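A.B. asks: Got these off Swiss-Prot a minute ago, pasting:
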- 512: active site (ACT_SITE)
- 516: active site (ACT_SITE)
- 204-214: compositional bias 'Low complexity' (COMPBIAS)
- 111-187: domain 'Lipoyl-binding' (DOMAIN)
- 248-285: domain 'Peripheral subunit-binding (PSBD)' (DOMAIN)
- 152: N6-lipoyllysine (MOD_RES)
- 195-247: region 'Disordered' (REGION)
- 1-102: transit peptide (TRANSIT)
């Protein structure tokens, strides 16, 4: 009766599911046993009328699992608008992957297994940075359970339902937790907390055997076979002598013989067809006594150039940066276009605007803010560069979202300024400063870095780098590398006249599958036009 009452209470909590679906975009997944696969019901019909995708029914081979709806809430209230955005930039849900179970036994009351959420498009695993709740604490919807370190940033993970935190499966500091792997258990009733003290989630138990699988032993046995040749087969050496003057030996045997000044012609091989192997060299050195004199000198030489070093573990952001950039260089056919842009008028306009900003107490506008604005307007003129490659088609985006590279102590981040072509310089400057600060504090949220269609990387202003080539940020088709401005002598009007002008080199890296050379040159021409005539950006 106690379990029946719990099921009835839980059913009451779910009576407003239809209302919840009206307020939030959600995907409902019902778990049925193999013997209880239900047909479409009223909620399925309701979801289809709202335009949600068909519900996925997953059978779990368990006789102790009852059909219960589990709701994964998304971060946006309008899913249809997100579908028009880049596929890699849509608002990914901070999914708290969970599974609710009811046990027929007395040791397992109703509980919920909370899995590692998928917090970014590229996330496959995460780390538990900090638990904000302890075992036994009461939790409510919207409260933060823990902080998860993703491949992009550290994100707070919120609780979805009311209850009590019965068990923390993955302790604080746990690393490389696969998406969906159970990290905590919650229960509805406080008295059920103690029953999960020694509980091991089924997903964790299932994963253990795969990790514990030892490396097969046969390959190691093959290595032992060669040096284990006994001395007895020496009698068979003359039966397979090498023909001619050529001496057949393995590369390792040749190297060992060379290091110890051993003539190969003095050794008869015991390998296939009389081939000299390492065991033959070792036996020769042992019998002649050369091994004792030659090896100490080698070890003495090897100790002399000893290196002092420290091994730094890979952070999550470093792993993702390495894998994405390696993927980019290996799969994207890069080409590079460089042009010099005169920035005298740009610097003059910036000085005028900053004088107005200072008078009104506002923040100054940086050269990088003007570069971001010019890049966004050039993308509006040449939309082919605002695209992405897929195997079946080229996707051209209507939104101009500019990622801005920010270097921090934790690694490289690329937060995004969305709809940069429609924003003013002050707004762009404020957003870039805010995003850069959040990146340095490691507090970026998924919506702060997802959805970019083009990237700007500036090493000129902060570091004085004259010119460089950046790696395309997949799945984007282009990235702009901005160098430092320098004064140059340029010809004047007369034959003996000259002037000074400041030039800033920029290099456009393109994906040749999407952007042809002429299209990339057209974009650079448009960008240069905005930089050299900056007032046109204000129109």
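Note that Cβ sites are derived from N, Cα and C of the backbone, with glycine treated the same way.
Walk me through where these features lie, including what they touch and how far apart they are.
C.D. replies: Under DSSP, residue 512 (active site) is assigned to coil, being neither helix nor strand in the three-state scheme. The number of other Cβ atoms within 10 Å of the Cβ belonging to residue 512 (active site), over all protein chains shown, comes to 14.
There are 13 other Cβ atoms within 10 Å of the Cβ belonging to residue 516 (active site).
Using DSSP to sort the residues of the domain 'Peripheral subunit-binding (PSBD)' (248-285) gives these counts of helix, strand and coil: 23 helix, 2 strand, 13 coil.
DSSP gives residue 152 (N6-lipoyllysine) a coil state; it is part of no helix or strand. For residue 152 (N6-lipoyllysine), the number of other Cβ atoms no farther than 10 Å from its own Cβ, over all displayed protein chains, is 26.
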A.B. asks: Just to verify a number: CA distance, residue 152 (N6-lipoyllysine) to residue 516 (active site), in angstrom, no decimals.
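C.D. replies: Cα-Cα, rounded: 31 Å.
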